[in-house]
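Q: The structure under discussion is supplied below as structure tokens; questions concerning it will follow.
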Amino acid sequence: MSQSIESVLTEKRVFKPSREFSKQAKIKNFAEYKKLYDESIKNPEKFWGKQAAELLWNKKWTKVLDWKAPFAKWFVGGKLNVSENCLDRHLNGPRRNKAAIIWEGEPGEKRTLTYHQLHREVCIFANILKRNGVKKGDRVLIYLPHIPEAAIAMLACTRIGAIHTVVFGGFSAESIKDRLADSGATCVVTADGSYRRGQAVTLKQNVDRALEGNTAVKRVIVFRRANMDIHITEGRDVWWHREADYVTADCPPVPLDSEHPLFILYTSGSTGKPKGILHTTGGYLLGSLLTTKYVFDIREEDIYWCTADVGWITGHSYVVYGPLALGATSLMYEGAPNWPQSDRFWDIIARYGVNIFYTAPTAIRSFIKWGDEWPAKHDLSSLRLLGTVGEPINPEAWMWFYEKIGGGRCPISDTWWQTETGAHMITPIPGATPLKPGTATLPFFGIDAAIVDDNGKEVGPNEGGKLVIRKPWPSMLRTIYGDKARYKKQYWSEVKGCYFTGDGARRDKDGYFWIVGRIDDVLNVAGHRLGTAEVESALVAHEAVAEAAVVGRPDEIKGQGVVAFVTLKTGIKATEDLSEKLRKHVGAVIGPIAKPDEIRFAEALPKTRSGKIMRRLLKQIAAGNAVTGDTTTLEDFSVLAKLRASDE
Ligand code: WT7
């Protein structure tokens, strides 16, 4: 990591988009980007108002923005429906029989849904929801594998104004339980199971466990995916395919207020409890549509593939809503990149002729490790554009992606954004922006990004500071579900008048943003956000644990790994076996991605005199570095000495 930080600081290479690419791109040169960007910042409401014409409105809005900081209403008075925008509007023309979703299952099954077919499936499922008592405004929890039904269920919710909350299929029963409680969902959509690296995953069983003692959930709709034996609770659980026999494919979209809640997506914060990020209809759809259009520069005939799961915001905005609103073809692959072999992704690109490929730096670093021979076996010449998201990409990984996958001809859109921002915020515009390996480059249209010091003052070139956004934007979160106070405190109190991202960054002399990473107690493990407090509370819930402190340490593949310092209750022995048990325990409480890479047993944790755990010291120890900086507030110096000794 320290090596890649150095390489970021010394990075001088610049890659201009090729003339061939630019010629056919929507934004053809840097001057064009700059002009549009400047206009969008000078008068954002005019800009967004004009862009909103890209959407299909049932009733036009009367006011672009109603801003009572930090609460925004966009396109006030407007009415529209997301599923109508993503489906119906494409049916009266040549897109009707175009592939909307091309899907491949991990075991190898293949499905294509045209816009006509997808529309039909969505209408059927919307009617199934209605038949099962789901009404406008109700929350529906979706816990499905990465299969077309995930998109179908999401779109069906939007069709009738139900609010979906998707929970990633890799999360545990405990996580579902928390999200059910917080969202008050009354309906769960799940599958019997799914596949991961050839192993069947028991989704329905997790739902059953999450529902023990829950009385709010009236219905569980189960899709048959893996032919597993499952338990059906009479009166509560129904099969998707059986329900389909009772409904028609006729379901008109309901015109919804522009600010009608669209979905809640939970993400880790700096406290133990994940936050329900709330997005609404008009603004979110506009953000995902516009960025998909300009950042991926999708053409009518393209095959576009974003490798994210729909359980994350990337899957929401760039597998489902953005591409479908644009009428594009979105490819979905269910499984692991190294199943059955390490070239599954390259095989898929060659077989479908993928033109645009969007993935994560952590995946790229795995590909590098697996070896160049895997991509070399396949014809990747259909690729025109690449993208990355989730964490800073180190220049070495960028160069490998550019050369070995892009053949030196495909621009890379390194897109910085967050669950909260809904859509890309800092990103190259591929036909216009000269690229430098390791930077997300410049803000998207209408986005006023800046780097400020602790007093909110903008810092000079190459000075580090906090990354903030100074103006509201349409796809911004509206609140934390059920907790306006936390929304205000978390995002709008750190820097006066600005949205605080939680990231540290610097800008170079060309104004390019170099994201350093989170500066709060949030880790970024393999592109997934993980709160240290969440892992700590999972650990202390175990009967053997007295206290726990969790920190990140640099990891070659995952960006950050998880190290837990643990003190045990009196009389309990620190053993290998216990360490493995604790790792498994965290995996079971949160999900496999949260499993600590290492558990370090300690007699005590370093604390300040006021009793705060000194994470800075633990981070240095976890990374194997010397402990530097101020230790004068450390309560007991012998603790530090012991922690260091256990390191040697
Ligand atoms: C955090 C947001 C947004 C989709 C995936 C993650 C980090 C995201 C980049 C990038 C550097 C990045 C930031 C951000 N991040 N993209 N291109 N370069 N850092 O969504 O779970 O909401 O996490 O991911 O630290 O704050 P998320």
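Including glycine, each Cβ sits where the backbone N, Cα and C put it.
Quick caveat, the model's predicted, so the values are computed rather than measured.
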Q: Quick check on the annotation: TrEMBL has Gly390, Glu391, Pro392, Asp414, Thr415, Trp416, Trp417, Gln418, Thr419, Asp503, Arg518 binding ATP, so which of Arg486, Arg529 does it put in that site too?
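A: Answer, per TrEMBL (ATP site with Gly390, Glu391, Pro392, Asp414, Thr415, Trp416, Trp417, Gln418, Thr419, Asp503, Arg518), from Arg486, Arg529: Arg529.
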Q: When secondary structure is assigned with DSSP, how many helix, strand and coil residues does the domain 'AMP-binding enzyme C-terminal' (534-612) contain?
A: 24 helix, 27 strand, 28 coil
Q: Anything from the recorded positions Gln199, Thr314, Asn338, Thr419, Arg518, Lys612 with its Cβ under 6 A from ligand 1? List those in sequence order.
A: Thr314, Thr419, Arg518
Q: State which of the following binding-site residues has the fewest other Cβ atoms within 10 Å around its Cβ: Gly198, Gly390.
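A: Among the binding-site residues Gly198, Gly390, the sparsest Cβ neighbourhood within 10 Å belongs to Gly198.
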Q: Mean pLDDT for the domain 'AMP-dependent synthetase/ligase' (95-473), rounded to an integer?
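A: Average per-residue pLDDT within the domain 'AMP-dependent synthetase/ligase' (95-473): 97.
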Q: With DSSP as the yardstick, break the domain 'Acetyl-coenzyme A synthetase N-terminal' (33-86) down into helix, strand and coil residue counts.
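A: Output for the domain 'Acetyl-coenzyme A synthetase N-terminal' (33-86) reads 26 helix, 15 strand, 13 coil.
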Q: By CA distance, which of the binding-site residues (Gly198, Gln199, Thr314, Pro392, Thr415) lies nearest to Lys612 (N6-acetyllysine)?
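A: Among Gly198, Gln199, Thr314, Pro392, Thr415, Pro392.
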